[in-house]
Amino acid sequence: MDFRVASNKRLTSGGAEAHSRLSFYLTAPSLEVSLEEFEQFALDRLRVLKGLEEALSRGRRGEELEALVTSLWRKYMRTSGSSETSKDTISHFVLRLVYCRSDELRKWFLAMESSLFRHRFQSESFEDQKRFMEDNKIPYRAIGTSEFESVKDKLGQVARSLNQPVPNADSKFYKVPFEEVPELVSGRKVYIHKGLAFVPSTQLASLVVGQFRSKLSKALVLTNRKWMAMIAEEEADRLTPIVEALSSRYLGPDYSQAKVKTEVNLQDIDSLAKTSFPLCMRHLFFKLREEHHLKHGGRQQLGLFLKGVGLKLEDALAFWRSEFSQKVGVEKFDKEYAYNVRHNYGKEGKRTDYTPFSCNKVILSTPGVGDHHGCPYRHFSEDNLRVALGSLHLGGRALDDIMEKVRNRHYQLACSITFEATHGSSCAGINHPNQYFEESQKILQPKAPQASPNGVAEAPVTTS
């Protein structure tokens, strides 16, 4: 992939493949895009892929999944006319740069793009699917009526052996080289004649997705080589920071300020940690109480979280001072650690108002020996995680479900199940530690009394 940045600060690339709504993304588009669009297009596509990932991890299938993906595409990618095709192609190639840089990133991107392509291909009409395969020189030919009549008895025999409906004149079949469908051949699920397997259209998507996946897998490896050899260094001042940040970009609400209108002060912290902190913050909090110290990564993760839930700077300084002074003394805390607390609140240095870490950033962190930050679902051993979950009084089916999600690397879904099990209420999915806190407080905190028309607050109605 050969991206070139023009002198007018717009991004250009060579090649074209914009005539079809679907694409194998074989060549980068011959279009210019501003750096702002470069990032925004990628973020919009990333929202689609992340939404698809969450739906798949929650077991959504069939029509429910189709409706969700269609809705996500319409919300984030739909534009008028040919510009939708341009945005589709540009956003794919930008994310290809983002996700080519490690085996783990490539694996995720390959899985999500293949799933998205499958959905979009299956949504096309039979004629559009046929046209797409012709345009991309996929050697699968649909059989005509006369050819179907000549082999319908054989096709019927295969269908009956599989307890499937016998094909009729409306059934669609493709002729595919038999070596491309080894599973169907070995399972005697297709009729073969002269080296060609007669594959029903219901199986066609899997074949085309296989081609898509194979091409993209090779392209990601090549893109990584170009990225390492040229692009990363040449674009160190412009594209590289954007590309490196996108894979861990948080896409949800801003939690730099508390959204739940509660008075969070020092005397409430311990009880809130037990009831409303996600496991990552609960672990940090009680390690701090136990050891009276956290390394920098832990201080950042917990400190910004506490800022986000509404702990004021004065209370934050008092909180950290009360713990650290037990180990290093008040004077050393004020000299070496207080600056960092004020810095996180935007009161020192460049006075940047730092935001709490998202789940994605916590998951992608790399805690070392003696560190306690990170995501317990990812970074704890199975035994340690079971102990931590046991402290929440989780067991039985809920614990089994959580551990299953962890083994399948669905860490945020594991956290969501933890939330549901400890609160007795469903949630749409946890993407941010401060979201966990906010949703918990909505459930645990009683709503404020409603004012009556005469301005007097009405007591809540109770039943015995």
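The backbone N, Cα and C atoms fix where each Cβ goes, glycine too.
Remember, TrEMBL labels are computer predictions, not curated facts.
As recorded in TrEMBL, the features of this protein are as follows:
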DOMAIN    271-437  domain 'DNA primase large subunit C-terminal'
BINDING   Cys280, Cys359, Cys375, Cys415  [4Fe-4S] cluster binding site
REGION    442-464  region 'Disordered'
In sequence order, which residues at least six apart in the same chain have a CB under 8 Å from the CB of Cys359 ([4Fe-4S] cluster binding site)? Tyr250, Cys375, Tyr411, Gln412, Cys415, Ile430, Asn431, His432, Pro433
What kind of secondary structure is Cys375 ([4Fe-4S] cluster binding site) part of, going by DSSP in three states? coil
The domain 'DNA primase large subunit C-terminal' (271-437): mean pLDDT? 94
Have a look around Cys415 ([4Fe-4S] cluster binding site) and count the other CB atoms within 10 A of its CB, chains all included. 28
Within 8 Å of the Cβ centroid of the [4Fe-4S] cluster site residues Cys280, Cys359, Cys375, Cys415, which other residues of the same chain have their Cβ? Pro278, Leu279, Val362, Ile363, Pro376, Tyr377, Arg378, Tyr411, Gln412, Ile430, Pro433
So if I measure Cβ to Cβ from Cys280 ([4Fe-4S] cluster binding site) and keep only same-chain residues at least 6 apart in sequence, which ones fall under 8 Å? Gln301, Val362, His373, Gly374, Cys375, Pro376, Pro433
DSSP three-state call for Cys359 ([4Fe-4S] cluster binding site): helix, strand or coil? helix
For Cys280 ([4Fe-4S] cluster binding site), which DSSP three-state class applies? helix
For Cys415 ([4Fe-4S] cluster binding site), which of the three DSSP-derived states applies: helix, strand, or coil? helix
For Cys375 ([4Fe-4S] cluster binding site), just count the other CB atoms lying within 10 A of its CB, please. 26
